[in-house]
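S.K.: My structure is below; once you've seen it, I'll send some questions.
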Amino acid sequence: MLVVSAEVREAIAGRRPVVALESTIIAHGLPRPRNLEVALEFEQSVREEGAVPATVAVVDGQARIGLDKQQLERIAAGDSVRKLGQRDLPLALATGATGATTVSGTAFLAALAGIRIFATGGLGGVHRQWTSTQDESADLGLLARTRIAVVCAGVKSILDVPATLERLETLGVAVAGYRTERFPGFYVADSGQPVDWSLYSPADVAAVLRAQDELGGPDAALIVANPVPVAEQLDPALHDQVLDDALRACDEQGVTGQAVTPFLLDFLVRRTKGASLRANLAAVRGNVRLAAKIAAAWA
Ligand code: PSU
Ligand code: MN
């Protein structure tokens, strides 16, 4: 049920650098047809840094680590592509479904294949209406049980960022800012929250991974929080204003469950006339490159 591409399998066996990439961002987080170009660009960036990209998805009931171009096109194209968290994987495999994996689905499969470094945009987290909806992304719980380094630009500002950081602490997931003492806010470089730890080079990050292994203990992730460059961030004032509208629209239209995150992301793209998309892409680009450098240091 788990198919690792030959290129990825050989790189893992040869202890060469490999970076897992998630696919929900492609299928449900970015507008078409831009999403396919971007997916290919991310893979290319990983290669330019000397690592092997391993995009993860489920195609016709097979969990795939490393997609060929045709498989990537299917994930980018289809309305019928499902969004798969870790809990959905057995259902998707058994029913022959095709779906994109979220952070939880990707981290689980990547770790199973022996990949230690994973790049994404923003993690899921605690939603702002948590007290009434109990909407907390399964990303958090899965990262508490999976030894993988996730390079991200923080969590999306559509979430309750302080509550998400509290949950990560409760769950025992390590969080470090990369060359920053502020927790990044995905579209913006600073979410307004501090981080307790900062790391300054790929070698620093690799040293933490080594310490995780040597020390043992629960199999929890390391979150490497890498801010979008300030020059490429979404204007914070525009961000705050549009976000309020997005949250209200979500509420009024009764959007719930898995649909919440894609709805809010799409609303922001339309309302900022693409500025949020540019910041989003800049953030992911930076994460992908950093993840490849960390994978090289780790290898
Ligand atoms: N980051 C993005 N775009 C996305 C996501 C993250 O820039 O679409 C996805 C990730 O796959 C993450 C998921 O795991 O949103 C969280 O969804 P939920 O809140 O339903 O768990
Ligand atoms: Mn949710």
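Every residue gets a Cβ built from N, Cα and C, even glycine.
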S.K.: Which single residue out of V58, V59, V103, V161 does TrEMBL record at the substrate site shared with K83, S137, A138, D139?
M.R.: V103
S.K.: Which recorded positions, if any, among E22, K83, D135, S137 have a Cβ under 6 Å from ligand 2, given in order along the chain?
M.R.: D135, S137
S.K.: I'm trying to understand the geometry here, so how far is the Cα atom of S137 (substrate binding site) from the Cα atom of K156 (active site, nucleophile), in Å to the nearest whole number?
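M.R.: The separation of the Cα atoms works out to 12 Å.
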S.K.: I want to check the contact list for K156 (active site, nucleophile): same chain, sequence separation of six or more, C-beta distance under 8 angstroms. What comes out?
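M.R.: Long-range Cβ contacts: G121, G122, G125, F186, Y187, T261, L264, L265.
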S.K.: What recorded positions among E22, K83, V103, D135 have a C-beta sitting less than 6 Å from any atom of ligand 1?
M.R.: E22, V103
